[in-house]
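As written in TrEMBL, here are the features:
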- HIS60: active site, nucleophile (ACT_SITE)
- LYS62, LYS288: substrate binding site (BINDING)
- HIS286: active site, proton donor/acceptor (ACT_SITE)
- SER314: site 'Interaction with DNA' (SITE)
Amino acid sequence: HDLESMVQFNFLVDVGYLLSNMYDPSIPVTIVHGQKNNLNVYSNVQLYTPDIPDRYGVHHTKAMLLFFCEKMTGIKTVQLIIMTANMIEQDWEDMTQGVYRTPRCPLKPTATTNESPFEQDLIKYLRAYKLRSVYEAIAKLRKYDFSSCKGILIGSVPGYHRQSASMFRDWGIERLATVLRQHVPSSPFHSELILQCSSLASSPQKWFLELCESMSQTKTNTGAAPKIKVVYPTMDTASKSFTGREGSGDFLRFERGSYEKNHVWFDKYLCDWQSNDAGRQRLMPHIKTYTRIERGTDGTAVIAWHLLTSANLSRAAWGEYQKNKTQIYVKSFELGVLFCPSLWKNEVVLKPAKKMKQHVHNNDNIIEVRLPYDFPLVPHPRPMSCFTRLPS
């Protein structure tokens with residue numbers, strides 16, 4: 001009830017649905033969206049579409065900036081939400097999604113208070129829109145203290161990002177690789193790199209292996225490379241889901257022709273969507289997560305890092321290396337948030353959990369990360385069993 005204004009970033013937006021879920025639907029709302037068709041007009045809602053040069057690129061980011069003012073005290077705070085759902089009813093009712101929320105961040109004590117790395121990364125991403133309304137939001141954000149936020153923002157911005165320029169390591173797969181080299185220590189233990197998404201674009205094997213190599217980076221790049229896994233439903237799993245085979249094809253986007261062209265090398269990575277323990281088995285995934293899991297000294301699973309993002313497994317989302325890896329070309333806007341143990345001052349261990357607050361721990365050094373799928377993973381039962389969309 002103390003929400004004062006909102007800036008909404010998304011691909012698909014049903015404005016009426018958004019307003020119907022707000023305590024006060026008359027507050028100022030700014031929407032940056034990726035739809036081609038016109039949205040319904042409301043007097044308190046400003047609508048913008050960012051410039052995207054490539055016709056195959058989209059504004060795919062899903063996030064919110066929420067500005068609060070407590071009516072009794074006048075205390076102002078701001079909160080960033082990063083999510084995987086479009087702002088439409090079907091996404092929130094019928095699919096497995098993910099949401100990250102920062103704390104409500106207070107105003108800075110003074111105007112000269114230093115920017116936290118989280119704030120710097122957020123503002124850098126927002127500036128890439130080059131929209132007047134977003135610049136206005138940036139001016140407001142600079143007044144707030146984001147130092148309590150545990151997470152590293154991983155964004156994608158359309159364009160050619162060259163090694164000779166400062167932006168090369170700011171976006172897409174090179175951004176993620178750079179962060180991993182800074183924050184994730186090498187480990188002698190067996191590990192798995194788990195890629196989980198809702199859309200599999202037609203991509204060559206060379207690009208897929210380059211992506212996995214970038215996602216396998218550590219501080220020293222010693223030790224064994226992780227075993228690659230891709231979590232995606234089988235035809236049988238999708239057929240038995242709440243949305244069925246036909247309905248699941250509306251958001252699980254993997255074309256039959258693309259699969260047939262690549263299955264010979266791709267099938268060995270595939271694992272089924274199994275989410276019985278988390279209670280999401282029949283809700284097909286629109287969530288996107290990328291996670292490296294290691295076996296600790298006692299044999300239990302620990303998380304080296306975990307990324308929740310809007311980015312699917314595609315060149316448009318992550319970018320493609322060009323010119324002997326001196327340039328990266330990105331087509332779409334994306335945004336995600338990464339977690340790893342080094343973000344905490346005290347030594348912590350990230351452990352996979354099926355449900356929040358699954359266990360009561362005797363100490364505070366164990367932090368649980370809720371994974372959307374069951375672990376250990378279950379490989380696809382046979383070749384050519386992956387879910388693909390029905391031909392249109």
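Positions of Cβ are set from backbone N, Cα and C atoms, glycine also.
Please treat TrEMBL annotations as automatic predictions, because they have not gone through curation.
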Alpha-carbon spacing, LYS288 (substrate binding site) to SER314 (site 'Interaction with DNA'), which is rounded to whole Å: 12
Neighbour count (Cβ, 10 Å) for SER314 (site 'Interaction with DNA'): 23
Lowest local Cβ density (other Cβ within 10 Å) among recorded positions: HIS60, LYS62, HIS286, LYS288: HIS286
DSSP three-state assignment for LYS62 (substrate binding site): coil
In three-state DSSP terms, the structure that SER314 (site 'Interaction with DNA') belongs to: coil
The residue listed as 'active site, nucleophile' and SER314 (site 'Interaction with DNA'), distance between Cα atoms, whole Å: 12
